[in-house]
């Protein structure tokens, strides 16, 4: 999103086409974020995370393959119009998946999983980590693109694989769960239950009763 015009121009798009492609991906981002707003409380967080993650992985790998075929390891080559349009479609597919999963839910889920006692501290950590790595990627993306070339997309796809596996095994569904009862969700989880004391859940149940 930061370097969309530069990225598209690097892939062989003209100046006007690069700018228009960036506008298209921006519009996809806005529309698909609205999809997340509509879907998160209807279908749940996990399904959006998992579907979005899988779609992001596939898109990244296919973009890497297309760049590898057309530019190789030395970064020299060109794309036909149809190939460039297909790459644009893949990037839009990636942006769409991110916009209805990791984009908004990366802010929503951390804000609702912490008990009230530590919610502010948990959210502060989430925001700090998010901003730090946003800054890191913003500073080094172009340098990494020059050195890794198509491998950069495989590099990020690898992270999305780890993220998606983490969601599958370690994130319980939090849809329609009041924040006061969140400890009950963690206590029922196969891994996190060992970190939730019994009195935390009993206290919630007693209060609810």
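Placed from the backbone N, Cα and C atoms, the Cβ positions cover glycine too.
According to TrEMBL, the protein carries these features:
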type	residues	note
DOMAIN	1-175	domain 'Major facilitator superfamily (MFS) profile'
TRANSMEM	20-40	transmembrane segment
TRANSMEM	47-71	transmembrane segment
TRANSMEM	83-103	transmembrane segment
TRANSMEM	124-144	transmembrane segment
TRANSMEM	150-171	transmembrane segment
How about the transmembrane segment (47-71) and the transmembrane segment (124-144): at least 3 CB pairs under 8 Å, pairs 6 or more apart in sequence, or not?
no
Against which stretches of its own chain does the transmembrane segment (83-103) lie, if we need a Cβ under 8 Å and a gap of at least six residues from its ends?
1, 8, 11-13, 17, 21, 24-25, 28-33, 35-36, 39, 48-49, 51-53, 55-56, 58-60, 62-63, 66-67, 70, 163
